[in-house]
Amino acid sequence: MNPWRRYSWEIALAALLIFEILAFGVINPRLLDINVLLFSTSDFICIGIVALPLTMVIVSGGMDISFGSTIGLCAITLGVLFQLGMPLPLAIIITLLLGAICGLINAGLIIYTGVNPLVITLGTMYLFGGSALLLSGMAGATGYEGIGGFPTAFTDFANISFLGIPMPLIFFLVCCLFFWLLMHRTHMGRNVFLIGQSARVAQYSAIPVNRTLYTVYAMTGCASAIAAVLLVSYFGSARSDLGASFLMPAITAVVLGGANIYGGSGSIMGSALAALLVGFLQQGLQMAGVPNQISSALSGALLIVVVVGRSVSLHRHQILEWYSRRRNAHQA
């Protein structure tokens, strides 16, 4: 297939991203400053980190809406472990394991109950979120400040740059490369696509469906934990509400990136570009003085438009056939 046709959606997203930055740059010229542009990504790049493995979950025919609560639970757990005197490196490792366990819980419940993933992860969203609030209350960190007192080396980590690139953005780029190779260049990635197209056929074809689902959900949980660590470092405090606003932007990024909400197709490159597109949209609106409520409403509207547009695109032949029959009936 012609590369231009194969990556036409990603090319369109890249062009739209450039146009968006230039448009907001006209409103606020500061956004055209390369340093401002790069460092402004630190405010939203964790959404992209979570959106990458979430793409694999959705392509497999699944769904996970609990990652925001997982981020909050991992963040407050990191703070509590540090508060109890645990060495920070060990606390971070345990936090990453906790994120993976949250993902494994999701996968296990989905596989062994057969209940719709949306329903299961809705339940675990409240389970993990409630656990985070309980842990926060027990630690006396119910206020906006959360748990602080982290070493300067840790709090500086998410605010420093390497070769002029902010560290969170470097993490995102590394994650992009990892998940792109995993999804588009390995047998596991091929299995994810096949499961999304038909889990039953994949099962009959001796594809390890359960193992693949456990892996993609665990990676989403682990990515949520990575996002939690970066957010705690960036803000300098561990709070249970970190990640609470990630749900809509992350899902919008995955769907806008080209993933079929019913599974079977999707693109890591598309999700990465869409995450930047959604992030800069929110950032640009904020710099233009638009209230957060309107920004959230626009993100929701964007998600609806994309879902409807993708649905129309997938069923365009049936729509054209129906329109042709209607026109012929009127002419007769």
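Each residue, glycine too, has its Cβ placed from N, Cα and C.
Swiss-Prot has this to say about the protein:
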- 7-27: transmembrane segment (TRANSMEM)
- 45-65: transmembrane segment (TRANSMEM)
- 70-90: transmembrane segment (TRANSMEM)
- 91-111: transmembrane segment (TRANSMEM)
- 118-138: transmembrane segment (TRANSMEM)
- 162-182: transmembrane segment (TRANSMEM)
- 216-236: transmembrane segment (TRANSMEM)
- 240-260: transmembrane segment (TRANSMEM)
- 261-281: transmembrane segment (TRANSMEM)
- 288-308: transmembrane segment (TRANSMEM)
Counting Cβ pairs closer than 8 Å, which of 118-138, 216-236, 261-281 has the most of them with the transmembrane segment (7-27)?
261-281
Long-range environment of the transmembrane segment (216-236) - Cβ separation under 8 angstroms, sequence gap at least 6:
42, 46, 49-50, 52-54, 56-57, 60, 62, 64, 67, 70-72, 74-75, 78-79, 92, 95-104, 106-107, 110, 148, 150, 154-159, 168, 171, 175, 192, 242-243, 246
Among the recorded stretches 70-90, 118-138, 162-182, 288-308, which has the greatest number of Cβ pairs closer than 8 Å to the transmembrane segment (240-260)?
288-308
Are there residues at least 6 beyond the ends of the transmembrane segment (91-111) whose Cβ is under 8 Å from a Cβ of it, and what are they?
62, 64, 66, 70, 73-74, 77-78, 81-82, 117, 120-121, 123-124, 128, 210, 213-214, 216-226, 228-229
Annotated stretches the transmembrane segment (162-182) and the transmembrane segment (288-308) touching (3 or more Cβ pairs under 8 Å):
no
Restricting to the same chain and to residues at least six past its boundaries, which positions have a Cβ under 8 Å from a Cβ of the transmembrane segment (261-281)?
7, 9-10, 13-14, 16-17, 20-21, 24, 40-41, 43-45, 47-48, 51-52, 54-56, 58-62, 172, 176, 179-180, 183-184, 193, 195-197, 249-250, 252-255, 295, 298-299, 302, 307, 310
